[in-house]
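Engineer: Take a look at this one; I'll ask things after.
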Amino acid sequence: MINLTKDAIVAINSENPASLPAGQNPVVQVLQVKKATASQPNAPDRYRMVLSDGVFYMQAMLGTQLNHLPEQEVLVKNSVIRMTNYAVNTVQNRLLVIALQVDILESSHEKIGSPQNYDPAKAQVQPQGQSHQQPQTTDNKPTIAPPQSKGPSSQAPVYPIEGLSPYQNKWTIKARVTQRSDIKFWSNQRGEGKLFSVNLMDETGEIRATGFNESVDEFYSMLEEGKVFFITKARVQIAKKQFSNLQNEYEITFDKSTQIEPCFDTSDVPDVKYNFTELQNLENLEANSITDVLGVVTSVDDASQIISKSTQKPYTKRELQIVDRSQQSVRLTLWGKLAETFDQTNEPVIAFKGVKVGDFGGRSLSMVGASTLFVNPDIAEAHTLRGWYDQQGKNEQFSTFNSSSAAVKPESSGAVNSNEIKTLDQVKQSQLGLNDTGKPDYWSGKATVTYIKKDNLTYPSCPNDMKKVTQDMNDKWRCEKCESSFDAPEYRYIVTCNATDHTGQLWLSGFNDFGLELFKMPANDLQAMMNNGDEAAYEATVKNALGSTYNFNCRAKQDNFNDNVRVRHQINRVNNINYKSDIGRLCDSITKLEVA
DNA sequence: CCCCCCCC
């Protein structure tokens, strides 16, 4: 037999929630649970409830994070629940409970008692906000300590971020600034102004807050990253999810009445929380999703300028290579001021929060608006990674994602860790590609193109599937694979070349991407020179490509040719030499020679 | 009231 908490409704409505018997989390019966009419088209569903202690009942709402309970019919009419975390606020002069965390004690139970509507006027309850939060582990802890300072903290009780919504307007949050943007100036048809935003976090959740114009002057310098503040009297609005990757349906806008003051008792306000994805598992995430990663930065490119195709604006970018214990390496792009000022040369461990997963080159990462990075964070995972990398990771091979097959075949990726650059002689001596399994080996090497086979450098291909097409009797180009005909083929490169380094030479074959890099023009253009009889231009283009030096990323695979086993080296990708990091690599190998 | 997050 379940007992409802005696006088729970009176206590909840009183100014002193701790007056609950023995400070317990109230056990109440849900007399009704119904989906509320949406206030806005894209607003999340909200569930209204009527809660009873057997004597009185009152209106309540369910925190949206608990929507799954009624949706999965775990919480239904007449369920008995224990509210382990809830908030009370005034909406249109009526008191409303928002259940933030509940235990379902009984899913369905007969109605207990004959409760009456609780009338706050009769009970002389002041219609003012209340907050009540108790750790789930103990039933006897007092409620949140009353704020000591004047100003915002005395305006309204401290309220969990998770419980904020447009339905209540009297609250104070106690939150840590986990990220602060630059001040941004905008100008459009509707006017101009400046703004900034911060990410705020407490034990229960995160929310983004934005300040415009005067609020920038008033609050920007104060809201330093990492510090904790009491914030009150700001607007809570539906978040535009397409622009936010924080886990909150709402966001805050500071306005003229907003009050913010620093808080020095910060022990209960968490730092940034991470939910790291191992780099190898990035292939399981969808492109454009947002995640956190932790990696050792093994190389840092120079900053460079790109022009956005859509806005024609220039942006500074800088690419890093990061690795982790999943033996995976991935490229990560920094933008703007961060790209310009990033200066980390000692292979730091960096925690990235809220980076965007892209599918360029298989998988890539990019910092976006709400992303943050933390160099050498003092968290357990970072220390573990540091130890592993220094002791063994730095000598290991890392897989890279690659555009054709990384997402489905991790074994097909290869090493491009600059530590793993092999000489061509090493490639031959270690007989890469020759093994019993028939599986390819992957290698990276720095070499110079010294010879290119001039005949059959291009082939006419099908625009649909890149397969070779042949000219039929009607001068149409026919693809046997997709059974279509075309007026003209799309020429693609198929390059056979000789690559040389200081230890020897090797035949390599590469395809269209390599040809584009090598000749700086589409295969159609090169073929046109041939077709137009401009053999000199053709020759000059090929000759001009000789002497190109790259870091080659190759696949070595054996095949049988006239009963002879031989190894073919196919170019997966070439990278231009980053001279700064290449010199570092050469210096390292000189040091190793000296030691030996 | 911004809301672009880029490029290979």
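Every residue gets a Cβ built from N, Cα and C, even glycine.
Keep in mind that TrEMBL annotations are predicted by a computer and have not been checked by a curator.
Pulled from TrEMBL, these are the listed features:
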- A:124-136: compositional bias 'Low complexity' (COMPBIAS)
- A:4-106: domain 'Replication factor-A protein 1 N-terminal' (DOMAIN)
- A:171-254: domain 'OB' (DOMAIN)
- A:279-376: domain 'Replication protein A OB' (DOMAIN)
- A:442-585: domain 'Replication factor A C-terminal' (DOMAIN)
- A:111-161: region 'Disordered' (REGION)
Engineer: Pop the mean pLDDT for the domain 'Replication factor-A protein 1 N-terminal' (A:4-106) in here, whole number is fine.
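Structural biologist: Here the mean pLDDT over the domain 'Replication factor-A protein 1 N-terminal' (A:4-106) amounts to 82.
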Engineer: Can you count helix, strand and coil residues in the domain 'Replication factor A C-terminal' (A:442-585) using DSSP?
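Structural biologist: Helix, strand and coil residues of the domain 'Replication factor A C-terminal' (A:442-585) number 35 helix, 68 strand, 41 coil.
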Engineer: In the domain 'OB' (A:171-254), how many residues does DSSP put in helix, strand and coil?
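Structural biologist: Helix/strand/coil tally for the domain 'OB' (A:171-254): 9 helix, 45 strand, 30 coil.
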Engineer: DSSP helix, strand and coil counts for the domain 'Replication protein A OB' (A:279-376)?
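Structural biologist: Within the domain 'Replication protein A OB' (A:279-376) the tally stands at 12 helix, 50 strand, 36 coil.
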